[in-house]
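Colleague: Taken from Swiss-Prot, the feature active site, electrophile covers 96, and the record attributes it to sequence analysis. According to Swiss-Prot, the feature active site, proton acceptor maps to 168. The feature substrate binding site is assigned by Swiss-Prot to 10, 11, 12, 174, 214, 235, 236.
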């Protein structure tokens with residue numbers, strides 16, 4: 001089955017509104033055809049409205065980096081999925097290892113967030129990935145599989161078919177280390193196999209699975225050549241306009 005590649009830049013806690021606007025203006029008119037590849041930026045909350053405004057009329061998709069599982073209430077500091085939808089956001093990244101590690105988010109939190117995101121007409125990008133210790137112990141498939149199953153519990157086949165799963169080995173995020181092509185393929189296939197076991201092969205064949213972890217313009221084509229890698233969630237290499245555009249060159 002043909003799945004459209006999706007390259008998403010995750011800015012993390014970088015860029016002020018002025019810098020964000022300049023970036024979007026620099027890339028918006030230079031993107032490859034959206035028939036070939038989907039391109040997106042996950043912007044921090046304080047620049048999101050600026051980025052959405054700057055991206056209007058372009059094919060660039062915009063994601064939030066987090067949202068809560070309630071639409072409103074006494075949840076100081078959280079982002080409402082309802083308001084994100086009203087603003088025009090397309091995607092929400094949830095379950096990133098930094099959120100799990102620093103902010104103690106659980107698989108159950110991520111599952112509740114996924115349901116709230118879908119309830120508001122948005123699409124989640126659900127992150128999963130193992131630590132170096134888990135990887136070296138040979139337990140990566142088991143660990144990541146449990147993360148994926150828990151995150152997707154209770155979702156419909158239609159919902160799962162449309163979401164994105166980003167496999168990011170924690171030991172490769174921002175470290176300069178990157179998984180081998182075989183590692184990326186094997187783990188992204190393992191993610192798809194979990195979806196197939198839980199929701200059926202037809203659903204699994206529609207799910208887009210991204211690889212993330214020190215992806216750069218120099219290695220993105222290698223990963224994109226893998227049959228079960230449908231895109232990339234990219235950190236550092238997405239912070240400069242030229243580098244972000246270069247990540248999309250693999251379609252040429």
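Note that Cβ sites are derived from N, Cα and C of the backbone, with glycine treated the same way.
Worth saying up front: this structure is predicted, and the values here are computed from it rather than measured.
In terms of burial and nearby residues, how do these features look in this structure?
Modeller: Residue 96 (active site, electrophile) counts 28 other C-beta atoms within 10 Å of its own C-beta, drawing on all protein chains shown.
DSSP classifies residue 168 (active site, proton acceptor) as coil under the three-state reduction.
DSSP assigns residue 174 (substrate binding site) to coil in the three-state reduction, outside any helix or strand.
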Colleague: Among the recorded positions 10, 11, 12, 96, 235, 236, report those whose Cα falls within 10 Å of that of residue 168 (active site, proton acceptor); none is a fine answer.
Modeller: 96
Colleague: For the recorded substrate site formed by 10, 11, 12, 174, 214, 235, 236, name the remaining residues of the chain with Cβ within 8 Å of the site's Cβ center, in chain order.
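Modeller: Checked against the 8 Å cutoff, the neighbours are 173, 234, 237, 238, 239.
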Colleague: Do you know offhand how many angstrom separate residue 12 (substrate binding site) and residue 96 (active site, electrophile) by C-alpha?
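Modeller: With the alpha carbons as reference points, the distance is 10 Å.
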